[in-house]
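The following features are taken from TrEMBL:
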REGION    82-150  region 'Disordered'
COMPBIAS  85-114  compositional bias 'Gly residues'
COMPBIAS  125-150  compositional bias 'Gly residues'
DOMAIN    180-263  domain 'Ig-like'
DOMAIN    367-440  domain 'Ig-like'
REGION    513-544  region 'Disordered'
COMPBIAS  527-540  compositional bias 'Gly residues'
DOMAIN    592-688  domain 'Fibronectin type-III'
DOMAIN    690-785  domain 'Fibronectin type-III'
DOMAIN    789-877  domain 'Ig-like'
DOMAIN    886-981  domain 'Fibronectin type-III'
DOMAIN    999-1087  domain 'Ig-like'
Amino acid sequence: MSPGSLGSRDLAGCEGLRLPVPWSPGKDVVITAKVNGKELPGKPVIKWFKGKWLELGSKSGTRFVFKESHDQQSNVRAMRPAGQAWGGGGQQKWEGSWGGGADGEGSRWGGGSWEGEKMGRRSSWGGGSWGGGADGEGGADGEGSSWGGGADGEAQLGCWSLSPSRCQHRWGGTTGVLVPEPLPVPTAFTKKLDPAYQVDKGNKIKLVVEISDPDLPLKWYKNGQEIKPSSKYVFENVGKKRILTINKCTLADDAAYEVAVKDEKCFTELFVKEPPVLIVTPLEDQQVFVGDRVEMMVEVSEEGAQLMWQDGVEMTKEDSYKAHYRFKKDGKKHLLIFTEVTLEDTGRYMVMTNGGQCEAELIVEEKQLEVLQDIADLTVKASEQAVFTCEVSDEKVTGKWYKNGVEVPDSRHPTDPRSPCRFHKLVIDDVRPEDEGDYTFVPDGFALTLSAKLNFLEIKIDYVPKQEPPKIHLDCSGKTSENSIIVVAGNKLRLDVAITGEPPPTVTWLKGDQVWGWGDGEESGRGEGGTGGRGGGGTEGRVRLEQRPDSSCFVIEGAERADEAKYTIKVTNPVGEDTASIFVKVVDVPDPPEAVRITSVGEDWAILVWEPPKYDGGQPLTGYLLERKKKGSSRWMKLNFEVFTETTYESAKMIEGILYEMRVFAVNAIGVSQPSMNTKPFMPIAPTSEPLHLTVEDVTDTTTTLKWRPPDRIGAGGIDGYLVEYCLEGSEDWVAANTEPVERCGFTVKGLPTGARILFRVVGVNIAGRSEPATHVQPVTIREIAQQPKIRLPRHLRQTYVLRVGEPLNLLIPFQGKPRPQVVWTKGGAPLDTSRVHIRTSDIDTVFFVRQAARSDSGEYELSVQIENMKDTATIRIQVVEKAGSPENVMVKDVWGSNALVEWQPPKDNGNSEVTGYFVQKADKKTMEWFTVYEHNRPTRCTVSELIIGNEYYFRVFSENICGLSDSPGVSKNTAKILKTGITFKPLEFQAHDFRSAPKFLTPLLDRVVVAGYSAALFCAVRGYPKPKVVWMKNNVEIHEDPKFIMTNQQGILTLNIRRPSPFDGGTYSCLAVNELGEALAECKLESLNHSLPQFPHL
């Protein structure tokens, strides 16, 4: 069907939404929409919406169930969502679409919409779309009517009018809007709640509605339960606005809320968003070998947080089954685990949360195969067994054996070279002459070959006379004048020396010049190493000799450096003797490099220097390998993959301010040495920038005082101090004014020639070296400038200086004047008492100091500063005060009624300060407990009122000055007795009321429906006296001390909190209250639902 042909159809086949009128909150609601299938080219796709934008398909579940049916006879399709426990009114609409014709174009129509309230309902058709005609215009018209209630409680389908002015044409279909007739709008709410709100956990949110009449009563509900005002929920009335403020939102506040005004309600849902997940411990860079197990760990601030791993693309659990990695969670720690890492896993890995991200680099290298035991050449006789053995460092290595370049068949040796192991053997039984040749073992996957030669010893039977001198048949690979054998430390050396002679000769071995015993492998003083026969055997030991019929075998198990020497074999018989010498050279990996140290550092680099090892292992050094790590970390990172031949290395790409350590390995043909000692921790730092604002503060005939400010950029290395340099104008020879750096930003250069013009400069110094210099622009002429004396009296000394007795008196008074003025202190024109007063005077100030001030130190002090006939003076007034004495002659002068008049005289000693008032207290003669009557009373009298009739009182007075109250009071010598008259007390007669009552529930338990995973609470209120005992039960079984349930009782308000209920926590909950007068029971049903909530944008 083409779009043009479809456009000629109208909406007569679409039936509107079927709305049950009325319905009650908490009950199921079924809404039905029907479409005439005869008018459609295919099966439509239906979408349901709440409001204008919330698609209900995302909330499909226990709350919304969508069903679709098809009547094949009438070809009518019916779509209906069943809403369970409908939470309130709201506008609903449905929308359908189907595929187009052969050209792939489609059409879409809107089904309808409805909006319901609890009492007054209104419904509207949401519009439709249809294909246009040839000119793109619609061809349908309709009539208008309204919903009507039927006898069966459902609204009847009405007719609606089509507004042509609101039709819009587009290729593949046209969209039309059906406009309902206006219906009366409810008058209770002028502004309703939004469909949903979202708030971060721990924050507060305000729900605002506006009502038409401010006098109407309004109630708020949460999940059907009425909300009471509290510190958590705050109600506000601002004109016609009603505001609900929820403070410190938690996950328990994630619920459905409604507000009711009389019979009208409006609804909303609140979604509480979890706080952002922060990264506590980030990923660390790792450097591993192929086949290693790798764990990349990151620690976050919240347990159960959702993380996203990336290696350029997102890494998911679905991909992990195909790859060789997996994810693991351990509390707040998240791990990415590679069982066997490969070269393809090299790269940067990133972890992202909603609160941050971190990344690290994974470097995977080919594993270097190390030969622990090489293959040794063999010389065997016919029919004997030849065994080639080698040992490598990797237990997973396989390989192949070759003879003269041709692979050895498996029939000649029992071992399988392709089985992974460290030891590889080739066993040749019943050796024949054709078995002689070069044998090679090639490990799979490594550019390495191990070769050895098999020599066949052929025995020829000739006629030998009975008397034959001994002969040593020594075959050695050495090409020098002296036979030599090289063996790697740790390997086994076996030397078979063939011997002939009749009668059988006696064999003696010498190590150097000493006879070497055989049997225990140690030097001995015996003259012979064995018996004269050829059938002698050997003993166990690391170094041993073995005797065979026609040979003597020298064996070293695990060669060591001490085994390196010249070995001599000597054979003798009656006919003669023969000797042969063999030099055994033991080669090993070198010792670690020595004196590894950092000589200099920069902003991101450092220079590393070391000394070659004392022992090179018997082989020339091929170079060095270097590693670096952060201090405190255990992961070393290689700095070079090819050996470095020099003994000075510059390491770059470091982070300034981070402590590092480095170490060096020596390398020769045998292998790599042990690591050297780590360098002392060092920090890449750069010199500071130049000091700022270099100025000249003072100049004399021989000195100049300079001042400056710290550098603008100091860096991580800080600053150790400053160096000051100077030179004569016209010269370039700078002279250091100080050898040690000064820390303060000022320095006086001394010993300068008078009258010279000198340039000055300052440099900052830290561990990285000197900064750029800050040079004074103009040269300075060394000549003192005369200055008139002037006393700069501080502001607080321009008036009387007051202090207490015993306090230190320390006055610092600056002055100016050049040359240095003469300073004189006097008191009342007389010199000061140097036993009490200490004076210290410098070039710019004078200090007046008294360790403990006394009242005698009070008075006027004169300070004079004089240079020749120029003089300046200043006067300092000092007042030393202490607490005043106690008042005198405290007397009760008069008593009338409940009043008493108390008078006293001022203290004799006012403490060198004015008495500012008096502190008056009274005390009952019976208890003698003192109570304050007056504070800061200035007159020397007071009237004490409100005295208790029948009591007798004493009074005491403290004097008060600038130092506080006097140490002792003045106590009244007489008392004030308040007389009393006879008063008769007549108690009232009454009968006590009986307050006892049986328990009674004032607020019952209400049925609840909660969302699984969100905490819930059950509330009720009970009254009774004596206080009833409360028992909570679930399904008639008492709830004991279960951490999932929290039971509280506050003034009869009973609460049962259920932490994160699951579907299994549903059931009948009851509360039993019992006392001696009876009992009462309250019950409710709790239903826990699994329900996934949609994510709303932050409101």
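The backbone N, Cα and C atoms fix where each Cβ goes, and this holds for glycine too.
Where the annotation comes from TrEMBL, it is an automatic prediction and has not been curated.
Note that the structure is predicted; figures quoted are calculated from it, not measured.
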Quiz prompt | Helix, strand and coil residues within the domain 'Ig-like' (367-440) as assigned by DSSP | solution = 6 helix, 31 strand, 37 coil
Quiz item: Using DSSP, how many residues of the domain 'Fibronectin type-III' (690-785) fall into helix, strand and coil, respectively?
Solution: 0 helix, 45 strand, 51 coil
Self-check item: Dominant neighbour of the domain 'Ig-like' (180-263) in 690-785, 789-877, 886-981, 999-1087, by Cβ pairs under 8 Å
Solution: 999-1087
Quiz item: So, by DSSP, how many helix, strand and coil residues make up the domain 'Ig-like' (999-1087)?
Solution: 3 helix, 58 strand, 28 coil
